[in-house]
Each structure stands twice: as C-alpha cells, then as structure tokens.
Amino acid sequence: MNLRNFTLESGFILVGILDGSGSPELLCVMITILYMLALTSNGLLLLVITMDVRLHVPMYLLLRQLSLIDLLFTSVVTPKAVVDFLLRDNTISFEGCALQLFSAMTLGGSEDLLLAFMAYDRYVAICHPLNYMILMSPKVCWLMVATSWILASLSALGHTVYTMHFPFCMSREIRHLLCEVPPLLKLACVDTSQYELMVYVTGVIFLLLPLSAISASYSLILSTVLHMPSNEGRKKALVTCSSHLTVVGMFYGGATFMYVLPSSFHSPKQDNIISVFYTIVTPALNPLIYSLRNKEVIGAFRRVLGRHILPAHSSL
C-alpha cells in the first residue's frame with residue numbers, strides 16, 4: 001500500500017486549539033457558548049428579516065444572506081471540534097476533510113464578496129439616494145447574491161480538487177482547527193510552491209480586491225456624509241456604516257492572515273487562534289453588531305415577537 005492510499009483509507013487527525021490549550025475544558029465551554037449564541041442570534045435575525053415586510057429591502061436582504069452564511073460557516077467547524085474533544089476522537093476521513101475544505105472555502109469566499117456588495121449598497125443609499133431603487137433593484141440584489149455563491153463555490157471546488165490530489169506522506173496530523181489549504185499543504189510530500197503562489201493570487205482576488213472596493217465605497221460615503229446638512233442624517237449614516245466596517249475588519253483581518261500572508265509568517269498556534277476568530281467568534285458577534293445599534297431591526301424584533309408571543313400570553 002503506498003502512502004497516498006494509506007491517507008485515503010485512514011484519513012487525517014485534526015489537532016486543533018482545544019488539544020493544545022492549557023485549559024481545554026474551559027475553552028470547550030466558551031466555544032460551545034459562542035456557537036449557541038451564533039445559532040440563536042443569526043437564526044433570530046433570519047426569522048425577523050424574513051417575516052417583517054418592512055425589512056424586505058436590499059440592505060436587509062443582503063444582511064439575511066450574511067446571517068445565513070455565518071450560520072452555516074460556524075456549523076461546518078464548531079460542532080465537530082466540540083464533539084471530537086468530548087469523544088477524544090479527532091479523526092476525519094479523507095472525504096470528510098475534502099467536504100469541510102470545500103464548504104469552508106465556499107462560505108468564506110461568499111462572505112468576502114457579499115461584504116463588498118453590502119458596501120456598494122450603502123454607497124448607493126447614501127451617495128445616490130434618488131436612484132437607489134434603480135441601482136439596487138431586487139433583480140440586482142439577487143444577482144449580487146448569486147454571484148457571491150457561484151464564484152465562491154467555483155473557486156472552492158478548484159482549490160479542493162487541487163489540494164486533495166497531492167500525496168500526503170509527511171504526517172496524518174493537521175495541526176489546525178479545520179481542514180484548510182495552508183495546513184494541508186504542509187503535509188504534502190511534493191513541492192507545492194507553485195500552487196501556494198496560485199493560492200496567494202486567489203487570496204488577493206477574493207480578499208484584497210473586494211477590500212479595495214469597500215475602501216473606495218466608504219471613502220466616497222465619508223465625503224458625502226461630511227457634507228450632509230442634517231446632524232441626524234449624518235449620525236444615522238455613520239452608525240450603519242460603522243457596523244458594517246466593524247464586521248469587515250473582523251472577517252477580512254483573519255482571512256487575509258490565513259490566505260495572503262506568506263507561509264513563513266504562519267505558526268500552528270497563530271493559525272488556530274485566527275481560525276477560531278473568523279469561524280466561531282465573528283459569526284456569533286455579527287448579528288449583534290448589526291442589530292443592537294439598528295433601530296429598524298430592533299423595531300422589527302419587537303413587532304415579530306409581539307405578534308407571536310403576546311397573543312399566546314393573553315390567551316392564558
């Protein structure tokens with residue numbers, strides 16, 4: 001049996017952050033709480049935006065997609081990490097690793113592009129409000145969503161197939177929270193330098209180009225906001241934009257570290273911390289960032305909850 005077939009049959013061992021921490025039980029509890037928070041907050045935001053007709057506008061339709069992506073993204077990683085720790089079984093099959101890699105890259109790439117489209121939506125709303133329903137019609141909005149999913153899934157498919165075709169003979173241990181390209185390439189027993197360059201180029205396309213578009217959008221937004229005559233209008237615009245920029249900073253920071261910085265800057269401990277941040281922490285915080293300072297979302301929460309909870313109480 002050659003080394004590649006051995007990997008195909010036995011799979012890999014995920015040695016994530018829980019195994020290398022000083023207090024794994026406490027960290028496991030914290031990760032579980034963050035996952036439950038992500039499920040609850042994103043689930044509620046999805047429910048409210050879907051049920052409240054007043055939120056059926058492009059801004060909140062894009063936000064609903066972001067919540068869906070976050071919900072799926074953290075579910076690809078967190079349950080397995082927690083169950084593996086509790087059962088003391090960190091194995092993952094070759095096929096399971098490929099599926100996790102494809103899912104994580106699809107969802108991560110979709111979020112990259114979606115955040116750029118959300119920045120464009122804010123640019124149109126603030127800088128060209130009279131043309132908003134033309135430039136951000138439902139057709140355009142759904143085209144943005146479809147583009148995010150299609151481009152991300154095609155890129156993820158290519159990277160998954162190419163990454164998993166390498167012969168892995170260095171070790172079965174992936175010193176990472178999940179199956180991702182950089183830690184997998186460290187296990188390959190052939191030269192992967194050319195492919196690493198392709199990963200870098202893809203990282204620039206999916207991370208730095210959308211980030212440049214976001215920066216350009218917000219530069220124009222800031223210029224427009226500063227010339228607004230109304231203090232109330234300036235405040236509302238800045239609150240909405242600051243929420244989006246906070247989410248952008250959290251997600252793009254971690255993803256850029258993993259896929260754009262050269263491998264010499266990486267260490268297993270740093271990579272694990274970064275991956276926990278953008279696969280577990282960020283999905284839990286995103287809905288809170290968008291909803292706690294947004295009066296329209298809070299009002300929708302009250303209307304939806306009041307419509308379904310108050311009648312139940314009144315009938316008791």
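Quick reminder: no glycine exception, Cβ is built from N, Cα and C everywhere.
Given the structure is predicted, the values throughout are model-derived calculations rather than measurements.
Annotation comment: TrEMBL describes 41-290 as domain 'G-protein coupled receptors family 1 profile'.
The transmembrane segment annotation in TrEMBL covers 29-49 (among others).
Annotation comment: TrEMBL describes 61-78 (among others) as transmembrane segment. For the transmembrane segment (61-78), the list of distant contacts is 31-32, 34-35, 38-39, 42-43, 45-46, 49-50, 100, 103-104, 107-108, 110-111, 114-115, 117-118, 121, 138, 141, 144-145, 148, 177-178, 247, 275, 279-280, 282-284, 286-287, 290: same-chain residues at least six beyond its ends, Cβ to Cβ under 8 Å.
The transmembrane segment annotation in TrEMBL covers 98-120 (among others).
Sequence annotations record features per position, and here TrEMBL assigns transmembrane segment to 140-162 (among others). Within the same chain, residues 58, 61-62, 65, 98, 101-103, 105-114, 117, 181, 195, 198-199, 202, 206 sit at least 6 positions outside the transmembrane segment (140-162) and bring their C-beta atoms closer than 8 Å to a C-beta of that stretch.
Beyond its flanks by at least six residues, the transmembrane segment (197-225) meets 109, 112-113, 115-116, 119-120, 122-123, 126-127, 152, 155, 159, 162, 181-182, 185, 234, 237-238, 241, 245, 248, 252, 255-256, 259-260, 262 of its own chain at Cβ-Cβ distances under 8 Å. Residues or ranges marked as transmembrane segment by TrEMBL: 197-225 (among others).
For 237-261 (among others), the entry in TrEMBL reads transmembrane segment. Under 8 Å from some Cβ of the transmembrane segment (237-261) lie the Cβ atoms of residues 66, 108, 111-112, 115, 118-119, 122, 126, 180-182, 199-200, 202-204, 206-208, 211, 214, 218, 221, 225, 228, 270-271, 274-275, 277-278, 281-282, 285-286, 289-290, 293-294, all in the same chain and six or more residues away from its ends.
The transmembrane segment feature in TrEMBL is assigned to 273-292 (among others).
Model confidence over the domain 'G-protein coupled receptors family 1 profile' (41-290) is summarised by a mean pLDDT of 87.
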